[in-house]
Amino acid sequence: MVTEFIFLGLSDSQELQTFLFMLFFVFYGGIVFGNLLIVITVVSDSHLHSPMYFLLANLSLIDLSLSSVTAPKMITDFFSQRKVISFKGCLVQIFLLHFFGGSEMVILIAMGFDRYIAICKPLHYTTIMCGNACVGIMAVTWGIGFLHSVSQLAFAVHLLFCGPNEVDSFYCDLPRVIKLACTDTYRLDIMVIANSGVLTVCSFVLLIISYTIILMTIQHRPLDKSSKALSTLTAHITVVLLFFGPCVFIYAWPFPIKSLDKFLAVFYSVITPLLNPIIYTLRNKDMKTAIRQLRKWDAHSSVKF
């Protein structure tokens, strides 16, 4: 019986691994700094105490958590002779990956709904997106994420692994791990696609439809009133494409390509959480103003001290 899995990683070249270590170390530092900066800014600035920024702060926490499931292990493995993870550790990684990944899908849908109400039904916005609604949205987000991750874990926990234990990646995920099982996994592959793949595609299509409706609504408004809404919406659409693009190919595409899968896995777990804070900061005047105020307050506090 297999008690551990060996990651093949991103490269066998020692020189390239040194470069990748430095690159991803900087990237992960940027992920931690950027996402925590958004959370601290939203919490500390009363002007940002609105449903949109409440959801944005929670998205940043999810992005940070999602990246932390895989990135630290990947970074330390660059200098390990054997990139090993225990069987239980692999199951934990699968659970957390799908918990935060599923939660991110739901919160992106919630953010799309928030923008739909704000732009298409502005008079009802404060009534619909009240404090209780925001708390309810987050409860549903974490609940669906939990149910999704439990369903993924149920697929893997009863599988028998008695042969090869090399995972051609830098982290454990169900589509890669089930290929190593000692039993026929054809039906299981279909069930995984039906679970993660259909959830991903349906969520993506739902978001595209909602953003199309919002864009059509914006077109009929005066330019001065639509520019701010369009700027915010552009940031949302960019983040949705960055997150769902890799997910569709990883979980719904029936003809995986190993080299492309590795690139998409890096993009999904490292690049997207790194870019999200940059996108929301650069495209949002309120966030930029709040960050400047936070820096001034920090500088003032330092001088006083």
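Just so you know, glycine gets a Cβ as well, placed from its N, Cα and C.
With respect to the membrane, His49 and Asp261 are recorded by Swiss-Prot on different sides. Contact between the transmembrane segment (189-212) and the transmembrane segment (263-282) is not supported, since fewer than 3 Cβ pairs fall under 8 Å when only residues 6 or more apart in sequence are counted. Shown are the disulfide-bonded residues Cys90, Cys182; of these, the residue with the fewest other Cβ atoms within 10 Å is Cys182. In this chain, the transmembrane segment (19-42) does not touch the transmembrane segment (229-251); fewer than three CB pairs sit within less than 8 A of each other, excluding pairs fewer than 6 residues apart. For the topological domain 'Extracellular' (73-93), the DSSP counts in helix, strand and coil order read 12 helix, 3 strand, 6 coil.
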